[in-house]
Ligand SMILES: Nc1ncnc2c1ncn2[C@@H]1O[C@H](COP(=O)(O)OP(=O)(O)OP(=O)(O)O)[C@@H](O)[C@H]1O
């Protein structure tokens, strides 16, 4: 399903005033926003490009990036979107249209605004990013691989990955020990973190045996929440058998940070960092967890900043929702390496959370098997269920209010730990931000229920027990998008305790971009996990209802998940894929094919 804006008011601010012709038609029809149109018109005017078809292609490329693609395939778009908007003046011959764009001054100028390949049209910046990322990864795969001490490696792999139960992870770890780059993928509970922590111990043991200084490891993730989870999970794995006391202490001492913090903010530039190709990261191993959430821009900046002789480990689940910004990098990297002899992709498939109905349901959703998903949901397992019917408010109240009350009670008695623990026990996840199925709507509703409990209106927006979610990075306060906290009474007023990495206390007035956190969007929940999750499914015609969204929501849950909605909505979600155009997989595959000297180790 494609995004169309509904514009029926001639003075709607989404209409680009003063623009005429084809661009105006597409704007009025809701295909293009006024920003798409204005950018295309202005840049085309500068280079003297007057062709309406080329100007349209430019605006559609801006639109594509806005919707998460890094490029646009004109023929495909004309086919799909053209079917939904048959009255619009789509160019009749998409092949000729693409060819006309390719000859345009916008493309052939010394400083091009647009770039093209055989299939896609790009804004220059995204073409450069894809090319740079593919080249850096292929360059890494051409280097002579690391040369571990084989006998020690075999002994450590046997010690840390014992027996048949660890065979899959052992083989992934052995491959990773023999390569500079590894992409470790797998669904929830397939043991990615377990394999990662054990692999780090293997690598540290190699460094010690070689008389090298202690291994410097950077653990990073796209959000503060995901970074904190990774640190905890790595420390938890180290408690298991097989590790030496030194390895345990070392793994527990590893710090995790956001990718932005690792790369170093630059006050003058939001897409460039202190660490780059010229000032590389000092670490010997750079790990990125939740890699599916990483945008093309951020991944390109990370990879350029990793020393060629450092290990890069990208960990994630390519079936989850992609980044909020443009790109589907993890999926593209897996796709680009498919069929290559020296692929760095290690895919874990064994599910280690036995008896895990959430895993079975998630697998059915991932594989597009709607009948199986419905069967699991209707089997009567306490850990996965579908609540249908018209009593939406009653259902949400039953699921959310007990936790909200417990948070408020804990906050009022000043018990920050209890309140924060309660916050992680349950989350209502919504596809939408606003509207009847939106997170904002239900956050307000929960506050109203608490008002009713109290018999008066609690303070707005701040009151004791208010859980909050940080929605933007704030470098000054060292708060990151995705951090969560709880509001408690303090003296005559209130204080907010934020739970990430360390407990920190803030005056509410210092917190700019925060929202209440009983409910949040599935997009924002990426990289977080909660004990119990309830997922509010919108109507089956919502354009946000996709397989990736449902899969991501389900896999946030550790012990139980409740879907609120209809069977049709579940089926509609499973039947709808997120389609993002990108050329990264092809660019990577082409770069690999043209690099026959590659010496990466064969799997
Ligand atoms: N080889 C194994 N044998 C038995 N249990 C395992 C094995 N590997 C992992 N586990 C257990 O399975 C569970 C999931 O492992 P882990 O957290 O490493 O998976 P994950 O892929 O990182 O999961 P998620 O993506 O959901 O965080 C943990 O309880 C872990 O102890």
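Heads up, the Cβ atoms here are built off N, Cα and C, so glycines get one too.
Residues or ranges marked as domain 'RecBCD enzyme subunit RecD N-terminal' by TrEMBL: 29-108.
Taken from TrEMBL, the feature ATP binding site covers 186, 187, 188, 189, 190, 191, 192, 193. Proximity of residue 187 (ATP binding site) to non-local residues of its own chain (separation of 6 or more, Cβ distance below 8 Å) is seen for 317, 319, 349, 351, 359, 362, 363, 366, 555, given in sequence order. Look at residue 187 (ATP binding site): DSSP puts it in coil.
What TrEMBL lists as domain 'UvrD-like helicase C-terminal' is 517-564.
Ligand 1 lies under 6 Å from the Cβ of the following binding-site residues, listed in sequence order from 187, 189, 190, 191, 193: 189, 190, 191, 193. Along the domain 'RecBCD enzyme subunit RecD N-terminal' (29-108), the predicted structure has mean pLDDT 94. Taking the mean position of the Cβ atoms of 186, 187, 188, 189, 190, 191, 192, 193 as the ATP site, the remaining residues of that chain whose Cβ falls within 8 Å of it are 317, 348, 351, 352. Here the binding-site residues are 190, 193, and the one ringed by the most other CB atoms within 10 angstroms is 190. In the shown protein chains, 22 other C-beta atoms lie within 10 A of the C-beta of residue 192 (ATP binding site).
A C-beta separation below 8 Å, combined with a sequence spacing of at least six in one chain, links residue 189 (ATP binding site) to 351, 352, 353, 356, 359.
For the binding-site residues listed here (186, 191), the lowest count of other CB atoms within 10 A around the CB belongs to 191. Sorting the domain 'RecBCD enzyme subunit RecD N-terminal' (29-108) by DSSP state (H, G, I as helix; E, B as strand; all else coil) yields 54 helix, 1 strand, 25 coil.
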